[in-house]
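Feature list (source: TrEMBL):
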type     : residues : note
SIGNAL   : 1-22     : signal peptide
DOMAIN   : 32-130   : domain 'GOLD'
TRANSMEM : 188-207  : transmembrane segment
Amino acid sequence: MMLTVSYAGIVVLFASLSPCYALYFHIGETEKKCFIEEIPDETMVIGKYRTQLWDKQTGSFLPATPGLGMHVQIKDPDTKIILSRQYGSDGRFTFTSHTPGEHQICLHSNSTKMALFAGGKLRVHLDIQVGEHTNNYPEIAAKDKLTELQLRARQLLDQVEQIQKEQNYQRYREERFRMTSESTNQRVLWWSIAQTVILIVTGIWQMKHLKSFFEAKKLV
């Protein structure tokens, strides 16, 4: 069954500005929702979602049945698939970026359970955490037996590391932008030179043509 990708619902989210966010959206039977997340390299991302199915009797969204699942697909900036997996009605996915840039996160319902929709809508609550926000610090403190001061120091170190990654990513973006600008300027320069050469050649040809015309008419 073909899927309808909703590019109108594509959201560009910057990891440097919004390291974690939560939202919900609606999808139809054959609809596919994609989100774009700008992520530095070597950064962990954790996504959690839960689904609700529209109930006509109550006129509200209720928790979806266990038989209804979601397919999650994630592509890196080179459009290479780094995660493609089928989950249940509620799920959690994790991946680590190895290439800085825009990562595409797409979700759609499984095609084998479409009878459960009955032409209705599915509400998906999505929560994505990036970088140090993926760490469960209470669990880390209990596991490593850290004091409150040690835990705070651990959090600060993780935040500094994430800031360094984001700064490196911004430098990477600036370098790519500079290379694109230089390439564009160079192309404009060569196009201007080509136009000038064409005008000169055309002018010389016109002069020779007019001279031949006047000589043929014995005007010169």
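Just so you know, glycine gets a Cβ as well, placed from its N, Cα and C.
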What is the number of residues in the domain 'GOLD' (32-130) that are helix, strand and coil, as DSSP sees it?
6 helix, 64 strand, 29 coil
Over the span of the domain 'GOLD' (32-130), how high is the average pLDDT in this prediction?
83
